[in-house]
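A.B. asks: Feature annotation from TrEMBL assigns domain 'D-isomer specific 2-hydroxyacid dehydrogenase catalytic' to B:67-364. Here TrEMBL flags B:Ile126, B:Asn150 as substrate binding site. Positions annotated as domain 'D-isomer specific 2-hydroxyacid dehydrogenase NAD-binding' by TrEMBL: B:160-338. For B:Arg205, B:Ile206, B:Asp225, B:Pro260, B:Leu261, B:Thr262, B:Glu263, B:Lys264, B:Asn286, B:Asp312, B:His336, B:Ile337, B:Ser338, B:Gly339, the entry in TrEMBL reads NAD(+) binding site. Among the features that TrEMBL reports, site 'Important for catalytic activity' is placed at B:Arg288, B:His336.
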Number of protein chains: 2
Amino acid sequence: MAMKQVARSAFKAVANSGSSSVLTRQLHASPGSKKIVGVFYKANEYFTKNPNFVGCVEGALGLRQWLESQGHQYIVTDDKDGPNCELDKHIPDLHVLISTPFHPAYVTAERIKKAKNLQLLLTAGIGSDHVDLKAAAEAGLTVAEITGSNVVSVAEDELMRILILVRNFLPGHHQVINGDWNVAGIAYRAYDLEGKTVGTIGAGRIGKLLLQRLKPFNCNLLYHDRIKMDPELEKEIGAKYEEDLDIMLPKCDIIVVNMPLTEKTRGMFDKDRIAKLKKGVLIVNNARGAIMDTQAVADACASGHIAGYSGDVWYPQPAPKDHPWRYMPNQAMTPHISGTTIDAQLRYAAGVKDMLERYFKGEEFPAQNYIVKEGELAPQYR
Amino acid sequence: MAMKQVARSAFKAVANSGSSSVLTRQLHASPGSKKIVGVFYKANEYFTKNPNFVGCVEGALGLRQWLESQGHQYIVTDDKDGPNCELDKHIPDLHVLISTPFHPAYVTAERIKKAKNLQLLLTAGIGSDHVDLKAAAEAGLTVAEITGSNVVSVAEDELMRILILVRNFLPGHHQVINGDWNVAGIAYRAYDLEGKTVGTIGAGRIGKLLLQRLKPFNCNLLYHDRIKMDPELEKEIGAKYEEDLDIMLPKCDIIVVNMPLTEKTRGMFDKDRIAKLKKGVLIVNNARGAIMDTQAVADACASGHIAGYSGDVWYPQPAPKDHPWRYMPNQAMTPHISGTTIDAQLRYAAGVKDMLERYFKGEEFPAQNYIVKEGELAPQYR
């Protein structure tokens, strides 16, 4: 009975912090109607263009009929920031908040404090850094993701971005749409991926899938992680373990970031660390924008020290019009999209339904899905 | 002695065609100074930006010192078309013409007729359709490529283009540079590659390398070719043979073109064949532009029957400013670049040097490099 365990632990955590607010909360899945709020991006005219487009406000993860037929209330919105936003109206009485990394509902300590009925925070996708996890743990909340729902989607996207940078795709495409033709202007900095050194920081689910897809490209593959793979898997994947990140990084022609945003990783690619990278390094970051020092990346792209930067993650999201990464040279950026392909949406919608079913029944979630459980953070977030 | 064999065969071929011009030609590698002409794209300001940029006019494949030290004359130009172009000035007395598919010197029957000393046509790269091969065979010329020099480069580029189309990369990137943020406008037609059906027409060197790189993506892989792979290789690559092209094509979510341009393949993707493809099909063509009916492709992109088209080959090249593929929706085109990465340039420059050395010594070329030998076309061009 997962939620009952959470309740006990929460009591302890909050009791330790000296607050008594926990006594007014129902932290287990009690019977009866729940108020569930989903925060997703809005599709507008795009919604009707694809019957499988479930990941938007209009699609509502395909859960409305199912939830309402069981007597639950289901509010869905994209209005998540600023005073009087729709989300804030529901904070005082919601039981479950579902959000995605693509249009994140920032769950601050302040919002948690106001959310007296809140029990469960679900991320439809991977990456729960939009939640103040410490505050969530202290309040006895459960935070969980649909781990695995879009790991293939993100790994494929990373390999695409590596190739786009290595092969200098975008300047060529822009020649086409501008009416130009200048092969030399592309070729002088276009390379094969074969033979290059590619290092991933983090070799969890996504990092491993990326390495497997890189294997036939005959690169020199390196990985840094908290944990070394077992030797058999390492041999199958063909990547070499680098225990010391700062020894690995200067060896890399291409660096891929595959770790969560935590207090340890926030801003870790700052001016000093970037200065130690190979001149002309390429960086792919589909993890989180705030792992980078925004201005340091923009400056290194301008100087040419970073020869190309591609990713789909920014801070904050949506990225403001004046975000420097929109304007820096040799960027191959997109909005946050890699984990929200139609295939990924169908998988994380099914995953959210499964988790809610378990929640209503008071059952455990799959172990790998927990980010905060019984006041404890998952290892990758510690 | 390759060239002597060519001479005999050429005599026969031309004698059969009723001409006597062959009697005035020197079709074997006689001792003494040769006039060699190279036609490459011009680099201008980009030349000095990379010391390995050898594939341009200024780089001249790095052969100038070596050729001139042996008493040969070496002319290099990008001026290949129109009246009074530089190439035409040298046609009457050149012995060897080197060109590339990226900036092709179109060797017509008329030019061949005027080139009384011509013995050898070398393609620095792969694909010799810029030469009138029938006319070259009848004139007893040898046509050869640097087979294998850029097959990895092209296969990598094809996989990049598949991902760019499947994942709908470009509209997202254009949002970034236009100051927008609209995840739904990308996501409604973005997919994973995993689970999709990918068919390659042609599974020669490039097609096989592509299939090997696709294998970890867990797709349904199909191939059509003149020749079925041996069962062991087929199993290793994990692709299924389709004997009948028109049975394979409607099964494909993604079609990749990997065959040479010949009289049989010219315009084979016409209006009728495209109409039989799956609605929403994606097409990648790094082979040759003229395999497509230009307007039929543009019309099918406009109607949405083709949901995305990407390639780096056009007809003619350079593509004129009003080429319809520059303006059609959902295109991910570039100028002809995939086989002229810096890595590829170094390989085909080394290959051209090796072939010239053999030519000067009257030695055979590697068998797979011949496109026209002793009046006969290589099988893929018949």
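Glycine is treated like the rest: Cβ placed from N, Cα and C.
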A.B. asks: Which of the three DSSP states, helix, strand or coil, fits B:Arg205 (NAD(+) binding site)?
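C.D. replies: Assignment for B:Arg205 (NAD(+) binding site) reads helix.
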A.B. asks: Taking the Cβ of B:Asn150 (substrate binding site) as reference, which residues of that chain separated by at least 6 in sequence fall under 8 Å from it?
C.D. replies: B:Gly125, B:Ile126, B:Ser338, B:Gly339, B:Thr340, B:Thr341, B:Ala344, B:Arg347, B:Tyr348
A.B. asks: Sub-8 Å Cβ contact with chain A: please pick out which of the recorded positions B:Asp225, B:Leu261, B:Glu263, B:Asn286, B:Arg288 have it.
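C.D. replies: The recorded positions close to chain A: there are none.
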A.B. asks: To the nearest whole angstrom, state the Cα distance for the pair B:Arg288 (site 'Important for catalytic activity') and B:Arg205 (NAD(+) binding site).
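C.D. replies: With distance taken Cα to Cα, B:Arg205 (NAD(+) binding site) is 16 Å from B:Arg288 (site 'Important for catalytic activity').
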A.B. asks: Pick from B:Ile126, B:Leu261: which of these binding-site residues has the biggest number of other Cβ atoms within 10 Å of its Cβ?
C.D. replies: B:Ile126
A.B. asks: Look up B:Ser338 (NAD(+) binding site) in the DSSP assignment and report helix, strand or coil.
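C.D. replies: Looking at the DSSP assignment, B:Ser338 (NAD(+) binding site) belongs to neither helix nor strand, so coil.
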A.B. asks: To which of the recorded positions B:Arg205, B:Arg288, B:His336 does the lowest count of other Cβ atoms within 10 Å belong?
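C.D. replies: Looking at the recorded positions B:Arg205, B:Arg288, B:His336, the Cβ with the fewest others within 10 Å is that of B:Arg205.
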A.B. asks: Around B:Asp225 (NAD(+) binding site), how many other CB atoms lie within 10 A of its CB?
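C.D. replies: Its Cβ shell of radius 10 Å holds 20 other Cβ atoms.
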A.B. asks: Secondary structure at B:Asn150 (substrate binding site) (DSSP, helix/strand/coil)?
C.D. replies: coil
A.B. asks: Neighbour count first, Cβ atoms within 10 Å, every protein chain included; then name which of B:Asn286, B:Ser338 tops the list of binding-site residues.
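C.D. replies: The most densely surrounded of these binding-site residues is B:Ser338.
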A.B. asks: Restricting to the record's NAD(+)-binding residues (B:Arg205, B:Ile206, B:Asp225, B:Pro260, B:Leu261, B:Thr262, B:Glu263, B:Lys264, B:Asn286, B:Asp312, B:His336, B:Ile337, B:Ser338, B:Gly339), give me the longest CA-CA distance in Å as a whole number.
C.D. replies: 25
A.B. asks: If you average per-residue pLDDT over the domain 'D-isomer specific 2-hydroxyacid dehydrogenase catalytic' (B:67-364), what number do you get?
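C.D. replies: Mean model confidence (pLDDT) across the domain 'D-isomer specific 2-hydroxyacid dehydrogenase catalytic' (B:67-364) is 97.
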